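Participant: Below you'll find the structure I mean.
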Amino acid sequence: MSVAHVALPVPLPRTFDYLLPEGIPVKAGCRVRVPFGKQERIGIVVSVSERSELPLAELKPVAEALDSEPVFSSTVWRMLLWAADYYHHPIGDVLFHALPIMLRQGKPASAAPMWYWFATEQGQALDINSLKRSPKQQQALAALRQGKIWRYQVAELEFNDAALQALRGKGLAELACEAPAIIDWRTSFAVPGERLRLNTEQATAVGAIHSASDRFSAWLLAGITGSGKTEVYLSVLENVLAQGRQALVMVPEIGLTPQTIARFRQRFNAPVEVLHSGLNDSERLASWLKAKNGEAAIVIGTRSSLFTPFKDLGVIVIDEEHDSSYKQQEGWRYHARDLAVWRAHSEQIPIILGSATPALETLYNVRQRKYRELKLTKRAGNARPAQQHVLDLKGQQLQAGLSPALINRMRQHLQADNQVILFLNRRGFAPALLCHDCGWIAECPRCDSYYTLHQAQHHLRCHHCDSQRPIPRQCPSCGSTHLVPVGLGTEQLEQALAPMFPDVPISRIDRDTTSRKGALEQYLADVHRGGARILIGTQMLAKGHHFPDVTLVSLLDVDGALFSADFRSAERFAQLYTQVSGRAGRAGKQGEVILQTHHPEHPLLQTLLYKGYDAFAEQALAERQTMQLPPWTSHVLIRAEDHNNQQAPLFLQQLRNLLQASPLADDKLWVLGPVPALAPKRGGRWRWQILLQHPSRIRLQHIVSGTLALINTLPEARKVKWVLDVDPIEG
């Protein structure tokens, strides 16, 4: 008898064996219902064979096969199996993550049948006047005699569902259903209006991508803010759709792009489906099925749209490819951009990575000739670049982290009836300790990195070598006692600004204020109506929003980015700064960007301001090479949590010993830790981590795989909660 090896949504890195009764034909990728413990669970068949490691007599049979054909396309299936291996994540969790919720629950993988009302023979023969005492029923029957009425249309008619149900009770009307027809957009595909007018750079980019459309190619479309990347995407899609193929367009935070969706819908008379977290379960399944059966021409979505099956995918576009939201931060920590490149290679189609500020990993891949770069350098329209000013904060009297000069400029811009944006980028920045009078920063004597301030423990700690020291009472450089942690939060800033600008409406836009469905759109509409004059925000505000009245933009906690223990924070700051300075002053108004820092002479800051992002990226890549940091090396982070701050470090120390004892470990394997995480306590749990680094990604993968097989032999393994993050982006 055949054995089905079934993946279940449980946190175990293995499959479970079940007998396949005669007459239940299943293939890899089909869903089955199986007994598990005292209940039945939905599982996914990973493979079918004739053998099991357990005696066949001990195996339970599969209760029911839910599919006769796999629910995954062959490419997505291969990608998921590869990804479970690469990210060292339980296969069941990976496969279920990639399915719409209704399919995880065992609902049919087909479009919901369409229900309609029709008149029975008795209803057709009846004298209609016999219903004159029930005018609604009379109207309904008269309409049904003209032809069937779809259930969704009833709400638009003069009679209601109750009238139809009454007719049904009299045997005059009945309900029936049929499978929805698949509408083929290809037969009538045309682009309304005239073709987009492209400049020379845009036309060159479209031509290059089109010439490689029948095979895998990866393109970095690097264009300054406002240089018309969307026009290139639209023209490439026009070519792909004209061949009858489909397109996947991935965007970072979907709530931030109502404009993007509108542009795609207006451009093509072909179905555009949108996949995002605001959809309910049945809407999500419907969109997923339309892509699978070829009914959707374009799918626009956030990172999980990567797992959508397509009938004939022709191109993948990843807009704002540097954006950190493409990396999943909970559970299965995959990077959608990296997996999308894998998928494009597997499908043998082009992929376009678009950004004004490409990730250093992407620029590294261009250097390695894995990707090709296309540049857009001309700004659309006659927008002038913003004026840049750096304010030295040393010795200034600050109010809520704002210097007198900045407050003064804010008043001038507001009096001219313009809007002001204040940016704080507190997410992921580890606070450093700084002397406000001379700019001294607490630095580790053993490493080239800055101490991280741990307020709760009253000490400074190096996250590279784990040395620590008490917080000094005075500055060792100038003797001042004015030592301050770098950076403040959006909430404190909002509270402090209210009394300083009593008559000015202030709006705060960050994760906390926009978590409710539709909240972001509401805030943005308010900004566009001119409601809020001062906007306080995190990086969410920098992404693709067009604010015509904003003429002053200020980045407040520059030092937090330049002196962080997280080696990626300078790159994130440079991306934020470049995106933000593109936001100040569009539509004919001169914009101004002000940076506040205690270190105006910082080399990366100077390069960024006076030579631009490309020069900064070159310099940052060279620094990373010197320090042997990614992308020149590979990282795997293992984090453990406990309730008493004892078992997690002990478990990680035991794990470190295991890793270093691995027969594959060589002198190039570098293990840092156990050290406390940058946010050492979350939700009442203490968090510790170790970081593994190796110049060979493959070698590191093998070391980790071999060690994970032994992890359950560790005495502390069952006492802590631990997670593994391959290619982590947060330290």
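Backbone N, Cα and C atoms are what each Cβ position is placed from, and that goes for glycine too.
Predicted automatically and left uncurated, TrEMBL annotations should be read as such.
Below are the features I grabbed from TrEMBL:
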DOMAIN    210-376  domain 'Helicase ATP-binding'
BINDING   C435, C438, C475, C478  Zn(2+) 1 binding site
BINDING   C444, C447, C462, C465  Zn(2+) 2 binding site
DOMAIN    470-637  domain 'Helicase C-terminal'
Participant: Measuring Cα to Cα, tell me the gap between C435 (Zn(2+) 1 binding site) and C447 (Zn(2+) 2 binding site) in whole angstrom.
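Facilitator: Cα of C435 (Zn(2+) 1 binding site) to Cα of C447 (Zn(2+) 2 binding site) measures 20 Å after rounding.
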Participant: Taking only the Cα atoms, work out how far C444 (Zn(2+) 2 binding site) lies from C478 (Zn(2+) 1 binding site), in Å, as a whole number.
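Facilitator: On Cα coordinates alone, these residues lie 18 Å apart.
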Participant: Could you say whether, by DSSP, C435 (Zn(2+) 1 binding site) belongs to a helix, a strand or a coil region?
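Facilitator: SS state of C435 (Zn(2+) 1 binding site) = strand.
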Participant: Including all protein chains shown, what's the count of other C-beta atoms within 10 A of the C-beta of C444 (Zn(2+) 2 binding site)?
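Facilitator: Neighbour count, Cβ to Cβ under the 10 Å cut-off: 21.
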Participant: What Cα-Cα separation, expressed in whole Å, is found between C447 (Zn(2+) 2 binding site) and C475 (Zn(2+) 1 binding site)?
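Facilitator: For C447 (Zn(2+) 2 binding site) versus C475 (Zn(2+) 1 binding site), the Cα atoms are 20 Å apart.
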Participant: For C435, C438, C447, C475, C478, listed as binding-site residues, tell me which one has the smallest number of other Cβ atoms within 10 Å.
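Facilitator: Candidates: the binding-site residues C435, C438, C447, C475, C478. Fewest Cβ atoms within 10 Å: C478.
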Participant: Give me the CA-CA distance between C438 (Zn(2+) 1 binding site) and C465 (Zn(2+) 2 binding site), in Å, as a whole number.
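Facilitator: Given the Cα positions, C438 (Zn(2+) 1 binding site) is 27 Å from C465 (Zn(2+) 2 binding site).
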Participant: Would you kindly give the Cα-Cα distance separating C465 (Zn(2+) 2 binding site) and C478 (Zn(2+) 1 binding site), rounded to the nearest Å?
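Facilitator: C478 (Zn(2+) 1 binding site) and C465 (Zn(2+) 2 binding site) have their Cα atoms 27 Å apart.
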Participant: How big is the Cα-to-Cα gap, in Å, between C462 (Zn(2+) 2 binding site) and C475 (Zn(2+) 1 binding site)?
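Facilitator: Here the two Cα atoms are 18 Å apart.
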